[in-house]
Amino acid sequence: MVTIKINNNVHIILEVIYLPRNKQYKKNKQDKISETTLNSDIAGISIFAFGAFAAVSMFFTSFTGIIGNGMKKLLFTLVGIGAYIFPILLMFIGVCYLIKKGKITFSKRFYGVNIIIINTLMLIQMQKLSLYYNGNILDGIKKIYESSDTFHGGVISYILDVPIYKLFGKGYFVLFITLYIISFLLVSEKSAGEIIRENLKKKPLKKTKPSVDETKTMDYENDNKDKDETLAKKISSKIKIVDFMKNEGNVDSNKGQALEEIAVYDSAEKNENESKVIGAELEDAIGQTSSNNSDITYEFPPISLLNVNETSKLKKSDKKELLSSAEKLTETLNSFGVDAKVIQVSKGPSVTRYELQPSAGVKVSKIINLSDDIALNLAASGVRIEAPIPGKSAIGIEVPNKDLTAVFLSEVIQSETFSNSKSNLAFALGKDIGGNCVVTDLTKMPHLLIAGATGSGKSVCINTLIISLLYKCAPTDVKLLMIDPKVVELSVYNGIPHLLIPVVTNPKKAAGALNWAVNEMTKRYKLFAENNVRNIEGYNDLYTKNKVESKLPWIVIIIDELADLMMVCPNDVEDYIGRLAQMARAAGMHLVIATQRPSVDVITGVIKANIPSRISFAVSSQIDSRTILDTSGAEKLLGKGDMLFNPVGESKPIRIQGAFINEEEVERVVGFIRNESTETQYKEEIIEQINSNVSKSEGDEDELLEEALKIIIETKQASTSLIQRKLRIGYNRAARIMDQLEEKGYISAKDGTKPRNILVDKDDL
């Protein structure tokens, strides 16, 4: 406390409070920090608000008043087309102010992006310089201000471009390219030398003379090769060769190579004798079946209508070639440090599988990654690696054969596997790599999806399925419902007694046929409930016990091209197929669907989830393979019937060479059935129901269709939004009107973002 005496009567008392020096400094610093933060927040919010207002002014001028209009005009005058980027840049800077609290340090990438923008605006303005510059810069500025065209660089770019053009002339491109290169270097944050070195690493240089280190490596590899050959001669290796023709015989050693105890299995003569016996038994069984049913006049076609495979058996030279390829494969793997040996070679119709047994400690992934190197050393177009082979502790390397051998349908039908199958819906697929005939049962699938590129073998596979059913089942046991939007594929089967109705070729009628199938499925389930049975087998057992009047046949629904149906009526087709796939199994109805376009808009999630069994032929990409099989591999197939079969319950797909049947064989079998059977009687009630559904759908025209047609002819525009605005209707109704106009041929189909073409005029009306 301090007392100050001014005179005898007046005294001033001052009380001074002393603070420690460090506390006083901290208080001042905190005040400054809070003040700086507040200022940066105010600045950031102001800049962001200004940028947001500028953005609204650019896109919604009517909402921002006089200031917004003036700002839009000013921005277009100053920076031209860059006016659309300017508000975004301002809002970005405002956000940075708020986050960084006013301490903004922009990176080189930010400056690089800005140089690209400025350089682009200058380049745009340079292209239009002759429109604005006539020798007087001010006149050009006035023209830019008064111009209604916004596609220019603005006054700033104009002022910069005029001296550049006067100094450099047409050589201004060099300057702009230089600025682009500099900006790209700033954005990439790499030097030009680094970029050049990275590109040089990707392109190996040709070396005319090997270096000393390379010479040592080559000598070392040659020594290793000699050691491997000596080791191979010492080790007694057992390589089992399995030919799909099942030939027996021993192979002589080739030029002193000591491959001891090579087990070669051959049973061609035995198989030929067995096939003759089985064929005779099959024909006897067919005769008994047709004679036991007195009411049926169906006569099964004989095996002689099908072509016989006359392919020669595997020669000794071919076996020597297989052994040589097995040695090359082992040497290739050894050169990459993979210790493995070939334990079996299986020669299939289209590919040969080498079964490898890797040593302990060798990773499977290491062998998979060497697929390209294996194909190079074996001079193959490509290899497929199956790791591991299901049921074996081995890795399969599938190499395409030089000469493809066809598998004829007669071979599989005469096989013991087909004749012993008791199912009515068993059909022949082909042969696997080991030469075993593959016969599958449609009742266990219970539905099948077939996909593949054009010419890969889908139609042949469907023909083998149908012909197999004709050899296996009478019309009272199995009925067929065929849908063929391509018209020419399945029409040959018209007239056989197995068909419920003639082959459906109209896509709209196809939707009606599927609708009938759904209704039939519902009727069968009601029938099962009335008789206390769960499925078609239980109901037919009641028929054998004379407890019901009629027997229910199995129904196989075959769709040859799903993509065409999905284009015409996708919603209905997807719903019907989804319901059938979910519920039709117990009712004795099975789907076989084929498509050559395995995209997700054709094979939808609903269809894919309810059809677990799939066959994939050769496809063009790995994406298509994953769409069909949920795994890759189909893109490496060879075509011509080479397929991957993934039945329900199997963890991995099986590679099969599909059975082949040509058009002449199909016509012979179908012609025999037509001639020997009674006249086919189609279900008229099904045909009437389908036709009524089609006529009903065609008669559902919108009442505003004619008015919409007049509008698009007068305006010369055809769009859903136009009809929606003019007629004041909802989007769904306007879209349906557009679909009806397209169906009637008044407008063209939709082609991406391009406008539809109007195909009629006033005279046509």
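Any Cβ shown, glycine's included, is placed from N, Cα and C.
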Of the ranges 110-130, 551-571, the one Swiss-Prot annotates as transmembrane segment is 110-130
Apart from the site residues G455, S456, G457, K458, S459, V460, the 8 Å Cβ neighbourhood of the ATP centroid comprises G452, T454, C461, F617, G641
Simplified to three states, DSSP reports S456 (ATP binding site) as coil
Other same-chain positions with a Cβ less than 8 Å from the transmembrane segment (47-67) and lying at least 6 residues past its termini are 75, 83-84, 86-95, 97-98
Within 10 A of the CB of G457 (ATP binding site), the number of other CB atoms across every chain shown is 25
The mean pLDDT across the domain 'FtsK' (435-626) is 89
Fewest C-beta neighbours within 10 angstroms among the binding-site residues G455, K458, V460 belongs to G455
By a 10 Å Cβ neighbour count, the lowest-scoring of the binding-site residues S456, S459 is S459
